[in-house]
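As written in Swiss-Prot, here are the features:
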DISULFID  C139-C228  disulfide bond
DISULFID  C207-C220  disulfide bond
DOMAIN    137-234  domain 'C-type lectin'
CARBOHYD  N29  N-linked glycosylation site
CARBOHYD  N61  N-linked glycosylation site
CARBOHYD  N127  N-linked glycosylation site
CARBOHYD  N164  N-linked glycosylation site
SIGNAL    1-21  signal peptide
Amino acid sequence: MYATNLLYLLALWNLWLVSGGQQDIPNGNATLPSPQKPQNTIDQIGANQNYWFTYNALRQNETLAIIDAMESGIASSVLAFQAQMEIQLQPLKIIMLHHAGNIKASNNIKMSRFEKVGSRYFHIEKNLTLTWFEAYVTCREMNGHLANIRDEKELDGILALAPNNSYWVDISKLVEYGGTFVSTLTGREPIFVKWKPNQDKKKQHNCVYIYAKEMYYDECFEKKSFVCQANQWA
């Protein structure tokens, strides 16, 4: 009797354990939780693409603006360089004409246009004012040359025959010799100079004139009177 009751209780105990344990086991047909959607959805990708397209377009416009500004600056620099080269080439053209014989020298100098100073003859232009380049050509057309003054005595003799004015002479630094003033006739430094002290030295002051028994430098395109020498050598 007791054995039967004990077996019955054990059976009930096992049945309770089985029924209680199954309550904790999830149903195999239960719905699983939905996975979290990724952040980069199709809409977000499209928005990012639009952002980058806009960014790239702005950067491209900025780059094009920079290129346009650079091209404009380069064009201005080229024009300035061309103008500067034209100025620098003008004296070289004159020298080339001189050496090529386009301005032909002749011994038949019209001496009536020249005055004797010491042992040499000079034409002192008292009325016409020209640039240094024009004065150079005018003296060559007389079959002479812009004056190379040999000494102070010759300088004083020339100015004694001339009104109180400024006169171009053959001293310049148009062709680079280390920034040194030279004669275009000899290609060497002048044998005589008498500079006015404390002159304002400027890069474009490349041509020399005489005034009041002293020598000055000025821009070659300034118009002044000039002195030619009859002989075509130094």
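Going from the start of the chain as shown, residues are counted 1 onward.
Placement of Cβ uses the backbone N, Cα and C atoms for every residue, glycine included.
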Mapped DSSP class for C220 (disulfide bond), helix or strand or coil: coil
Of the recorded positions listed as N61, N127, C139, C207, the one whose CA lies nearest the CA of N164 (N-linked glycosylation site): N127
Which same-chain residues, if any, lie at least 6 apart from C207 (disulfide bond) yet have Cβ under 8 Å of it: W132, W168, I171, S172, L174, Y217, D218, E219, C220
Close in space, distant in sequence - C139 (disulfide bond), Cβ under 8 Å, 6 or more apart: H123, H145, L146, F226, C228, Q229
Whole-number Å value for how far N61 (N-linked glycosylation site) lies from N127 (N-linked glycosylation site) (Cα to Cα): 62
DSSP residue counts for the domain 'C-type lectin' (137-234), split into helix, strand and coil: 14 helix, 29 strand, 55 coil
Lowest local Cβ density among C220, C228, which the record lists as disulfide-bonded residues, within 10 Å: C220
